[in-house]
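Below is one structure, written out as structure tokens; the observations come after it.
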Amino acid sequence: MSASAVNVTPGRNVVVVGTQWGDEGKGKIVDWLTDHAQGVVRFQGGHNAGHTLIIGGKKTILRLIPSGIMREGVACYIGNGVVLSPEALFKEIGELEEAGLSVRERLFISEATTLILPYHIAIDQAREARRGAGKIGTTGRGIGPAYEDKVGRRALRVQDLFDARTFADRLRENLDFHNFVLTQYLGGAAVDFQATLDTMLGYADRLKPMVTDVSRRLYEENHAGRNLLFEGAQGTLLDIDHGTYPFVTSSNCVAGAAAAGAGVGPQKLDYILGITKAYCTRVGSGPFPSELYDADNPSRQDQIGITLANVGKEFGSVTGRPRRTGWLDAAALRRSIQINGVSGLCMTKLDVLDGLDEVKLCVGYKIDGEDVDLLPRGAAEVARCEPVYETFGGWKESTVGIDSWDALPANARAYLTRVQEVAGVPIDMVSTGPDRDETILLRHPFKV
């Protein structure tokens with residue numbers, strides 16, 4: 001009997017997105033919310049960004065598998081919007097299984113998910129090397145070239161692995177194209193056909209038990225009354241369409257991508273939680289109006305920025321690269337809120353601001369003397385933005401582990417209240433430390 005026949009109330013779907021340039025602390029919040037979800041869904045990106053979880057003092061970094069895998073009994077889904085490296089997937093599965101977690105029986109992969117192949121990685125790395133000083137900061141893991149193949153309708157997908165002859169024919173055709181680019185344009189070495197074929201087909205039997213029609217399964221789960229959590233990677237300002245182009249990632253990181261990248265109707269997305277760090281960070285190249293510190297730029301060595309980097313442990317969880325740091329940019333945050341239709345914010349890493357004499361909030365910009373209240377769309381224009389700040393008194397008290405609003409220092413509350421006012425949406429959660437218990441809940445995304 002169908003769910004509708006027995007009049008089951010559909011479950012609630014919550015989307016978690018980063019509102020900055022990634023690294024906002026989404027992993028911890030997804031893990032916290034998973035207490036109230038029966039499934040967690042990845043809908044875009046690949047293994048180029050990591051989610052760091054601290055549970056019981058133990059650090060775990062997940063790059064591809066949804067954070068819900070840390071909770072027994074929670075189903076995890078990799079949607080069609082993801083680009084999948086089987087090598088990275090099975091490495092991560094192995095690490096989790098060594099830690100005693102059950103993975104394969106709870107992980108479901110869309111048959112329409114695009115595969116990352118060795119030639120994607122070779123092209124990614126050769127292209128970035130060729131750019132020299134003009135590099136865009138790719139992780140070199142083949143994400144961008146895999147998405148290029150998807151848009152160019154050349155991509156090999158997970159379901160193609162189960163027809164060896166057709167897979168071989170299409171692989172040979174793809175290699176003819178990509179090896180020409182590698183050798184004749186990028187000056188790299190050709191990728192071997194047989195070695196690639198053997199490697200990829202070797203994953204087929206291991207993948208097959210986890211492959212399913214994810215779109216249908218999510219529909220059925222929702223209509224059976226189960227809550228689903230959609231876990232975004234990277235951040236809105238890295239979105240291929242809405243970010244500081246061309247210094248962006250290769251996928252859509254915004255809330256709307258949850259519908260397309262998992263195969264669910266957009267009206268089924270009930271609540272959008274925007275994750276916002278209490279300050280800003282950025283990895284790699286690209287404009288950053290409120291920047292204070294960049295390890296690679298001698299002109300960006302502000303001591304407060306260095307403090308934020310050190311106290312916040314701002315190093316990429318996958319690449320290890322130091323992150324650039326700066327004050328929270330509310331004008332950029334407003335842009336993200338509008339694009340995503342954010343229902344409420346979760347402010348993370350508030351504790352990193354503890355001990356500062358003053359805290360600044362970028363509320364807009366000056367461009368050629370003109371006032372601008374929203375982050376511009378193009379990188380060239382963003383680079384011309386001069387930040388306009390409001391200044392708040394700092395707080396000397398520690399906020400680490402505080403789990404109620406009233407227990408926060410008065411100046412911390414004043415800062416957060418002003419962020420809400422400028423952003424135009426409520427702060428529904430505040431993170432005061434890396435552990436899942438170090439959280440202030442003001443409104444519950446699954447219960448609003």
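Note that Cβ sites are derived from N, Cα and C of the backbone, with glycine treated the same way.
What Swiss-Prot records for this protein:
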BINDING   22-28, 50-52, Arg323, 349-351, 431-433  GTP binding site
ACT_SITE  Asp23  active site, proton acceptor
BINDING   Asp23, Gly50  Mg(2+) binding site
BINDING   Asp23, Glu24, Gly25, Lys26, Asn48, Ala49, Gly50, His51, Thr139, Arg153, Gln234, Thr249, Arg321  IMP binding site
ACT_SITE  His51  active site, proton donor
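Annotated pair Gln234 (IMP binding site) and Gly22 (GTP binding site), C-alpha to C-alpha distance, rounded: 4 Å. Comparing the Cα of Thr139 (IMP binding site) with the Cα of every entry in Gly22, Lys28, Gly50, Thr52, Leu350, these being the binding-site residues, the smallest distance points to Gly50. DSSP assigns Thr52 (GTP binding site) to a strand. Ranked by how many other Cβ atoms sit within 10 Å of their Cβ, the binding-site residues Asn48, Thr52, Thr139, Gln234, Thr432 place Thr52 at the bottom. In this structure, the C-alpha atom of Thr432 (GTP binding site) lies 16 angstrom from that of the residue listed as 'active site, proton acceptor'.
When the binding-site residues Asn48, Gly50, Thr52, Arg321, Leu350 are screened for a C-alpha within 10 angstroms of the C-alpha of Asp23 (active site, proton acceptor), the residues that qualify, in sequence order, are Gly50, Thr52. According to DSSP, Lys28 (GTP binding site) sits within a helical segment. Per-site Cβ counts within 10 Å over the binding-site residues Lys28, Arg321 peak at Lys28.
Closest by Cα distance to Arg321 (IMP binding site), from the binding-site residues Gly25, Lys28, Gly50, Thr52, is Gly50.
Geometry remark: Asn48 (IMP binding site) versus Gly22 (GTP binding site), CA distance 11 Å.
If you draw a 10 Å sphere around the CB of Leu350 (GTP binding site), it holds 24 other CB atoms from the protein chains shown.
On the backbone, the CA of Gly50 (Mg(2+) binding site) and the CA of Gly22 (GTP binding site) stand 10 Å apart. In the structure shown, across all protein chains, Gly22 is the one of the binding-site residues Gly22, Gly25, Gly50 with the greatest number of other Cβ atoms within 10 Å. In the three-state DSSP classification, Thr139 (IMP binding site) falls within coil. There are 28 other Cβ atoms within 10 Å of the Cβ belonging to Asp23 (active site, proton acceptor).
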